[in-house]
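Presented below is the structure to which this report refers.
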Amino acid sequence: MTWVTGWPLYGLTSAVQAKSKQTLAKPNMRNIVVVDGVRTPFLLSGTSYKDLMPHDLARAALSGLLHRTSVPKDVVDYIIFGTVIQEVKTSNVAREAALGAGFSDRTPAHTVTMACISSNQAMTTAVGLIASGQCDVVVAGGVELMSDVPIRHSRKMRKMMLDLSKAKTLGQRLSLISQFRLNFLSPELPAVAEFSTNETMGHSADRLAAAFAISRLEQDEYALRSHSLAKKAQGEGLLSDVVPFKVPGKDTVTQDNGIRPSSLEQMAKLKPAFIKPYGTVTAANSSFLTDGASAVLILAEEKALAMGYKPKAYLRDFVYVSQDPKDQLLLGPTYATPKVLEKAGLTMNDIDAFEFHEAFSGQILANLKAMDSDWFAQNYMGRKAKVGSPPLEKFNIWGGSLSLGHPFGATGCRLVMATANRLQKEGGQYGLVAACAAGGQGHAMIVEAYPK
């Protein structure tokens, strides 16, 4: 076993032993499978994707999925995409991307938004459509382009411009123009902040780390673990969901560009990003603004087999949770994990692969501590006992959002495909995907490996 600064780099040599467990198939319920999934390389915002629009990335993910699976376009019953910061010209980005990728114009498509679990919502919506018999074949995905977020005029400026467009006479126009003041030109920038509390997510993560007594060093060590594992997984070709993307007028992008293992010495030099001067959350132990898109092909099992596919995994039980957005903004995995395990009749020991979204090192470590605390379970969750902390040798061993990147709307599909691919490679049976999201919400889902 190799160690980096106190964090074990598990999964580098050992494989999960295959177990013969009971499947989670339910009587009188359709089995729903993932055939495959792809994503564009996830890039730091402001790099190679900076001149594109969101539907360009979403279209690339859809085209990559078509190429990977050879699914006939006219067989797809429905397309759902998640996104968070919408481009106003393509508010239903799922539809625009689908048309651009050459899907039938008779295939309906809609877009969902649920902060960082938007593509999770796209996938579970697909599960619902298939389970209810409405559809057999659904494509779910997500996209985010942080390189070009909408920046609005101030409200006063917007009102004046709208009133001017309605003015009928020169006198009316001059009267409106006379009301103009220079401060009307101050733009409105989108913020990664809670509308209900007006607190940025990074500020909340810093408070959460303090509440759980997580040091700056622990956070930096966890971030270094994420980057080191991602670098190794990338080098070994394990990130097989990544498909190359030829950026118009530029080179072909083939891999994620935010994976940058540093040293604890270099990371220690960074100043706090949110709570100054004593905060512990920095640019090095936070996920970075990312551009990227993902897509997965989800089918009823009988349809997949009839089409000649060998699925990768079953999508099984899932839950959504929500908590206090002020003090428990990022604790979604803690609340969702025991619920989904109970729903599936499993325990933590049954899970072979954990894939949790890494918004911040402090957020991950706080969740691990909360999950391992009887006191927290009893006092905050109304539970008799803790669910337990995931063993690190099974946890995010191919890197996570801190290193691979986090396009808000697209991360959920990456988590599911990482889980499915890990189960296939390691011979495990059950995986657990979990994520927090703005608004104090969260998601967890059980993924079951398809029998070989």
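Backbone N, Cα and C define each Cβ position, glycine as well.
A TrEMBL annotation is a machine prediction, not a hand-curated record.
Lifted from TrEMBL, the feature list:
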- CYS116: active site, acyl-thioester intermediate (ACT_SITE)
- HIS406: active site, proton acceptor (ACT_SITE)
- CYS436: active site, proton acceptor (ACT_SITE)
- 32-301: domain 'Thiolase N-terminal' (DOMAIN)
- 309-448: domain 'Thiolase C-terminal' (DOMAIN)
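Projection of TrEMBL feature records onto the structure.
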residue : record                                   : Cβ neighbours (10 Å)
CYS116  : active site, acyl-thioester intermediate : 32
HIS406  : active site, proton acceptor             : 27
CYS436  : active site, proton acceptor             : 34
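The predicted model assigns the domain 'Thiolase N-terminal' (32-301) a mean pLDDT of 97. CYS116 (active site, acyl-thioester intermediate) sits 8 Å from HIS406 (active site, proton acceptor), counting Cα to Cα. In this structure, the C-alpha atom of HIS406 (active site, proton acceptor) lies 12 angstrom from that of CYS436 (active site, proton acceptor). Using DSSP to sort the residues of the domain 'Thiolase C-terminal' (309-448) gives these counts of helix, strand and coil: 57 helix, 35 strand, 48 coil.
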